[in-house]
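Features as listed in TrEMBL:
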- 49-70: transmembrane segment (TRANSMEM)
- 91-115: transmembrane segment (TRANSMEM)
- 135-157: transmembrane segment (TRANSMEM)
- 164-183: transmembrane segment (TRANSMEM)
- 195-216: transmembrane segment (TRANSMEM)
- 237-263: transmembrane segment (TRANSMEM)
- 275-296: transmembrane segment (TRANSMEM)
- 317-336: transmembrane segment (TRANSMEM)
- 356-375: transmembrane segment (TRANSMEM)
- 387-408: transmembrane segment (TRANSMEM)
- 414-433: transmembrane segment (TRANSMEM)
Amino acid sequence: MKNIASILSSVGPTFSSVGSTLSIFASSSSTFVTQLLAVWLISQEDQRALLILTVFMPFGFTLSALSDALRAGALPIVSSHEDAGAAEVHSAVATLFGMAVVLFGGLGAMVWGLMPLLQSYFHLPIVAYLDFSDLLLAMTLVFLPITVSSILTTCLFAKEKNALATSIVVVANVLQLSLIFIFAKQGHGVMSMPYAAACSTLVAITMGLTLSPTLRQIIAPRALAYFSAMQTQVKQLLSIIVPIFSSYLLLIAWLFYITYILLQYSDAAASAFPLYARIQNLIIMLSIAVGVSQAIRFNKNSADYDYSMLKNSVTQFVSQSILYQIPVLLAVFIFSENIALWLVNEPSIAAECAEYLRMISPALLVLSTYVGMTVYMEQTFRSRRAFIYNALYLGGEVALIEMVRPYCTTSSELYALLAVAFFASAIFILFEIGRSRYEYHLMQKMQSVTL
């Protein structure tokens, strides 16, 4: 009987981890699929949509980066406290909400003031520029409720309320996609995205606060009583958020760089970028879901002073991430042409999209695992180290591309070069596996000396 009990106790966390991973991936993948379908729906009704969305993409990624950085600050603190009503949890969430208001409010004012500069920089036709400027300003403001909703959903995942969190996200995404379809049919074009996002996000926030006593406990009005503790929370949150957003800034710079390079080859290669980038992000989100799930388990064990996960946590993450991704990447590799033709009707753009997916999918297994690993590190109070890894990797990737790119005469050769650069991220994965094992043995020695 003792053996059976021990087996069940060891299997329980595994099932919990798998459930968390699948729930997180279901919610995040539904969001990415919604974005992908939104681009497809809008482009069917507005021929200028792909051009406007290509120009908007780096700005949209910047807004997402800010939102994700604030969201990421909630998970390690909430998951490391058993009591949802703890003062640290109250003040942390209240501080994150305040940061979101200041940040996106300030960005909205900045975008409104810099509109003339954007027109001279991008050289867009006046009609396309007007649509782009309206989209940028609206999405900047809409990202405030999106961030609030994202923080609340993260709190639910941190408390392992996976089913409720996933249900809220999926319902909101289905509603958003339905509204985009309706608004696009009515001729709103790219503005269908912020209109639908605002409505669906408010519904998601209302659902969360109505259905979850945990959320009501976390953001109870008495959280304002902990205002004096917010100064300490700001320092702790900034130590988590700033390195994460700095990593996003590196990715944003890389995004501008890749967009510039693709424009040197052909318009088809540049136009295909928003399409295959979303497929790539969907695959990466699977690895990120594994990383977040592993981080929640690690933080809970650390709160109980149980450091047994430290030795093999990165190894377990890598093995689980690869296991989940292999069937998805095989499907992408085999059906790359079908996926591309489904995404876009233009043959030249579809050919570029299919070529990229076919050439990059093997290397994406390594890159997505690396990205998921850095997310796991960020959610376990090691965001500075993750930033250093990202700076070294992206800097090395750009250096490699700049050295070899003059010899790449076609976009296919550029995709092959990117695949080699993606494979290089394995160096950091192996290094982190060794480092985590070393930290575990070092902690064991310190504990033995203390005893």
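Using the three backbone atoms N, Cα and C, a Cβ is placed for every residue, glycine included.
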In contact by Cβ distance (the transmembrane segment (317-336), the transmembrane segment (91-115); 3 or more pairs under 8 Å): no
Positions whose Cβ lies under 8 angstroms from the transmembrane segment (49-70), at least six residues beyond its ends: 39, 42-43, 96, 99-100, 103-104, 107, 122, 124, 128, 131-132, 135-136, 139-140, 143, 146-147, 150-151, 189-190, 241, 244-245, 248-249, 251-252, 255-256, 259, 270-271, 273-274, 277
Segment-segment contact (the transmembrane segment (195-216); the transmembrane segment (237-263)) at 3 or more Cβ pairs under 8 Å: no
Closest-packing stretch to the transmembrane segment (414-433), where packing means Cβ pairs under 8 Å, from 135-157, 237-263, 275-296, 356-375, 387-408: 356-375
Among the ranges 135-157, 237-263, 275-296, 356-375, the one whose Cβ pairs under 8 Å to the transmembrane segment (387-408) are most numerous: 237-263
Close approaches to the transmembrane segment (275-296) from elsewhere in its chain (Cβ under 8 angstroms; 6 or more beyond its ends): 17, 20-22, 24-25, 28-29, 32-33, 35-36, 39, 57, 75-76, 79, 157-158, 160, 313, 316-317, 320-321, 324-325, 328-329, 332, 339-340, 343-344, 349, 352-353, 356-357, 360, 364, 367-369, 371-376, 379-380
